[in-house]
Structure formats: structure tokens, C-alpha cells
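**Q** One structure coming up, written as C-alpha cells, with questions to follow.
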Amino acid sequence: MILALDVTDRDEALKIAEDVWEFVDAIKVGYPLILTTGLGIIRELAEFAPVIADFKVADIPNTNRLICDQVFEAGADAVIVQGFTGRDSLDACIEIASEYRKDVFVVSEMSHPGGAEFLQPAAESIAKMALEAGAFGLVAPATRPERVRKIRRIIGDKLTIISPGVGAQGGKASDVIAAGTDWVIVGRSIYKAESPKEAAREIAEEIQAELRGEY
């Protein structure tokens, strides 16, 4: 399970990470936290789990190189980038990641309703491009397990799929795992819970039950 830590307070972020680290495989940070705390929070959170920088990098190749260099220099283990900018922009991100021996996840389709408007028609082409380019993985929506299943058929077992949208957006961990995702991404259902630790524990138990075939 990946924790989407979309809070805007450094102390809160570190407290939640400390509370839930035993139940998560990675922590995903994005603009809400980075813009208020700076890139330095990445190394602090890395004390608890590997950090994925969710910047959805989407620019020309040179700018992508500059962004990814800063992300990995700050201590991130992976970066999330957009695929719709094309192969040369993606190659630039993978080039920098390889220099740091880090990973790139490519967004194939986002989890909100609008993700089906423009990204969904291109998602399968993006998945094929990510595979050919040598990306580490793809982002596919937990809110639409059938789409995860479709993407998995395209890439086989060659790429890792991570799926946002579990919990507050309506996705169910067991459903999307059954569809072929490797890691679910959970945010508000954990960090807005009265007890983030207990919320993380419950979701982790649901995931383990699905993996054992109990659902």
C-alpha cells in the first residue's frame, strides 16, 4: 500500500508517517506538501518509507530533465510523470532516473471522473509507450478496475501498476488488486481518519485478505 500524504503541514506529515509506516510500502508526496514545506521533507519522510514524488511531470524534454534531477537529488525513490507529452519527454525523465538508479511511473489514466474524458482514449497507447521506453511502472485508476485489467493485459507482468482512488474516491482495494494492480494508493481515508494508524491497518488487512483469496 502507498500512502498519498496530501497534507500541508510538516509536523502533521511526519506524525502520520511515523504512525503508519509499518503498514505502507511507500509514501507519495505531491505539490500540496512540497509547496508548503520544500523538497527537504522528502528526506525526512524517507526515514519511514521510500518516497514517490507525484509531480505529474509534463513538459518538454529539457525541462523534464531539470525537474527530475531536482526530485532525485532531494532523495525521492521514484517520480510520477505524464505520458501524454510524448516519447521524447518520457525518455528525458527515464534518462535522469537511470543516472540516479531510481524509477519512473507514467500516468496512463487518472482516477477522477474527468480522467475518462481525454486520458482514457490515449491510455492504452501511453501504456505501450511506457513499456517500450523502459519505465518502471504505470498509474491506473482504482476507481475503474476494468481499466486496470485492460492495462494489465497490454503490459503483462513487465511493469508495476499503482492505483490511486481507493477510499474517498470510491475505489475498493480488493477489487483493484483482483484486477491486476500491484499497489493501491490511499490518501484521505488514512490521513483524515480519527486514527490514521487504525485506518491503515484495516486497509492493509483487506489487501492481505484479497491476496489470500478470502474475498
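Just so you know, the numbers here start at 1 and follow the chain as drawn.
Heads up, the Cβ atoms here are built off N, Cα and C, so glycines get one too.
According to Swiss-Prot:
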{"type": "BINDING", "residues": "D6, K28, 54-63, S111, 164-174, 187-188", "note": "substrate binding site"}
{"type": "ACT_SITE", "residues": "K56", "note": "active site, proton donor"}
**Q** In sequence order, what residues of the same chain, 6+ apart, have a Cβ less than 8 Å from the Cβ of K56 (substrate binding site)?
**A** I80, V81, Q82, V107
**Q** Could you tally the C-beta atoms, other than its own, that fall within 10 angstroms of the C-beta of G187 (substrate binding site)?
**A** 21
**Q** I need the least crowded one of these binding-site residues (D6, I60, S111, G171), counting other C-beta atoms within 10 angstroms of each C-beta.
**A** I60
**Q** May I ask which residues of the same chain, at least 6 positions away in sequence, place their Cβ under 8 angstroms from the Cβ of G167 (substrate binding site)?
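**A** The list for G167 (substrate binding site) reads V186, G187, R188, S189, I190, I203, given in order along the sequence.
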